[in-house]
Structures are given as C-alpha cells and as structure tokens.
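Peer 1: For Ala100, Leu118, Ser119, Glu120, Met121, Thr122, Phe123, the entry in Swiss-Prot reads S-adenosyl-L-methionine binding site.
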Amino acid sequence: MRCVVYSIAKSSPLELVKIYQKQCKRFDCELELVDLFPKNTANAQKVSKELAQKSYSLAFEPYLNLKAKNIALHPKAQRGDSFAFSKMLENHLNINFFIAGAYGFEENFLKDCQAWSLSEMTFSHEVAKIVLCEQIYRALSIIFKHPYHK
C-alpha cells in the first residue's frame, strides 16, 4: 500500500510524522508527505480566494490518479470515527490525500475526490498532517487487527 499526503504548505520537519511513517512500514505501507508551494500560489493568495483555490487545484492536478483513491480533506465533508476511516482505506493499494491552503478547495477539484473531514475544528497544516498520519496508522492497525487500536 502507498499513502501520499499532498499539501499546500512550505515544508517543515515533523518528528511525529516520521514516527508514524516508520510504524506504517510494519503494515507494508509507504507513507509519504509532499509539500507543494509554487510561486503562483503565494501571489494568488494575495489577490483573491478564487485565484488561490485555482492555484491549489493546478498544484494538485498532476497528482490526481484515477487508479488511486483520492481523498480531499475538507471541513464540511463527511466525517466519522477511526473505524469508518479504516473502512474507507481498506482494499486500496494507492491512496492520495490532499490538504488545501487557507482558502480551501475549488468545487471542481472536490468532484474528482472523496471529501473527508478530520474535525469541525480548523487545524494548522502541521497539526492536520500529524492527525492524518496517526489516523492512517490507526486505520492500518484496525485493518490488520494490531493491538495499537483498542
């Protein structure tokens, strides 16, 4: 299995994420994080919400894979517990997660993904990545009946 988390963010070292990446390998899952922040995104965010959202879509589009499960994290989307999250991931070999910038996703981009919400609360990119990586590991623990999830 391969899970890739794409986000509109400047890169930052996250030690906890590295721990979850290592733990996911136990389940033969490569957990990869890719931070994207093209120059046009920085400029677009200064101009308008619509332009910013378009720049996020343009940054993410090369990574949308029709053969993979594409999941966009969106605050107004479906949410559920860790068991529901694990069911969503089960039986997929390639999963791409997308975390938009401050202005969120364009509606057109969301049409190409399944939308999922981690919470009603707003998180920084760093916190969202940590929560997502932990939930991916927890989902794998549920799927493979590992005692991490009790």
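Backbone N, Cα and C define each Cβ position, glycine as well.
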Peer 1: Of all the Cα pairs drawn from Ala100, Leu118, Ser119, Glu120, Met121, Thr122, Phe123, the residues the record ties to S-adenosyl-L-methionine, which distance is largest, in Å?
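Peer 2: The S-adenosyl-L-methionine-binding residues span at most 16 Å between Cα atoms.
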Peer 1: Using the structure shown, find which entry in Ala100, Leu118, Met121 (the binding-site residues) has the sparsest Cβ neighbourhood within 10 Å.
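Peer 2: If we count Cβ atoms within 10 Å for the binding-site residues Ala100, Leu118, Met121, the smallest count is at Met121.
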Peer 1: If you count CB neighbours within 10 Å, which one among the binding-site residues Ser119, Phe123 has the smallest count?
Peer 2: Ser119
Peer 1: Across all chains shown, how many C-beta atoms besides its own are within 10 angstroms of the C-beta of Thr122 (S-adenosyl-L-methionine binding site)?
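Peer 2: For Thr122 (S-adenosyl-L-methionine binding site), the 10 Å Cβ neighbour count is 9.
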